[in-house]
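Here is what TrEMBL says about this protein:
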- Glu30, Ala31: FAD binding site (BINDING)
- 11-434: domain 'Amine oxidase' (DOMAIN)
Amino acid sequence: MKVAVIGAGWAGLAAAAALREADAKVTVFEAGRTPGGRARRVVHPAFGADLDNGQHVMLGAYTETLALMRRLGRNPDALLMRRPLRLASLDRQFLLSAPPLPAPLHAAVGLLLARGLRLGEKLAALRLIRALQHCHWQPPRDWTVASLLDYHAQPEAVVRNIWGPLCLAALNTPLVQASASLFAAVLRDTLDGHRRNSDVLLPCVDLSALWPDVIALQVKMRYGDTVRRLQPSATGVDVNDERFDAAVVAVPPAIAARLLGNALRASQSPGLLRALQAFEYQPIATLNLRLAAPWSLPEPMMMLREDIGRGQAGQWLFDRARLTGKSKTGELALVCSAAATVANMERQDAIDALVGQIEEQAARAGLPPLPAIEIAELFIEKRATFAAVPKLTRPLNSTPWPNLALAGDWTDTGYPGVLEGAVRSGLAAARVLLSGRLA
């Protein structure tokens, strides 16, 4: 079977890997020059090391991604720094560290021992977890995360230190807009399974090197080849006038709508077209800093306190020098989820505000002053993820044509727009095509 995969993000490459395992001849069309999509390597010679277009975090619950890495000969234990669930603020005002106990007891004990919360606030957080367990982690579909937290009377300190940062990290959508159902699904998979599911996995290599580079060497890659014409039929799929037996469309939904619009109208499938066109998006900003001297964080990943009015919109700070082990000087990455504030600022003003956020909170913790900054590179992905809002209609992997499948974290994975959702979607798209071949 000759298959085209359109898009070399994690969803498209996961589909390519599964199809290749089934002996399909796979050609991947990618408009860019690097595998990985929105989680890819960015070559930056001045840094002396490759960067990522955005700093990503994985979880122990990402079972399909970890299994795919192993099938491709990539050892997660060597490429990812695994750390037990731990939320530590840079200013040292908050610390939650889960002990090595069975789940969900580890999270409960971690909450009870957390620094920076009163006992009543800790018990309120535990009551929310218990309430979600009682409803099988399925709050009303029309609730936002803010509605969920209000209903269960979550104190402001708990929202600020726990639920807010976790929601932004997982859903990249503000609390007042984010889907409570998707947030509960993330909490379920991290807190209600094996204790290791809640472990945080921090990449020690660039995101393309984790595994996309490997599959890119095993299939036919067409870099710089933008797909402008796509015509599915009962006998095959024409991609830029080249005939394939089947295809996976693994591009953002707006691009999928443009490629498939005429075909969907002709096939009397307006519902799918409307679903593809209905998505809205949220930005993510990542500030990479190279310092003039070594400077280490107390931990490889730390929380930041936001002050949106001053442009201090970062939520997480990463010690990239510690993660990669390659830099002889200090190297940091600061991440802003739902980063509309940063995206709307002048670039240098945004950099200055975010650097000030680090400096102020490090000073409160008694850390040495931040060394001079040699290089500051701000990446803003304006459409980093779909807005994970309530009652969003997300397409299935199947389409009106058995030889055409959709893949992307925006399909109906049950997850928000995270890497595991992309991988699961790609694998599911491959299954759609392979089941059609066997039918």
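Quick reminder: no glycine exception, Cβ is built from N, Cα and C everywhere.
Glu30 (FAD binding site) falls within a strand segment according to DSSP. In this model, the domain 'Amine oxidase' (11-434) carries an average pLDDT of 97. There are 15 other CB atoms within 10 A of the CB of Ala31 (FAD binding site), with all protein chains counted. Glu30 (FAD binding site) is surrounded by 26 other CB atoms, counting those within 10 A of its CB over all protein chains shown.
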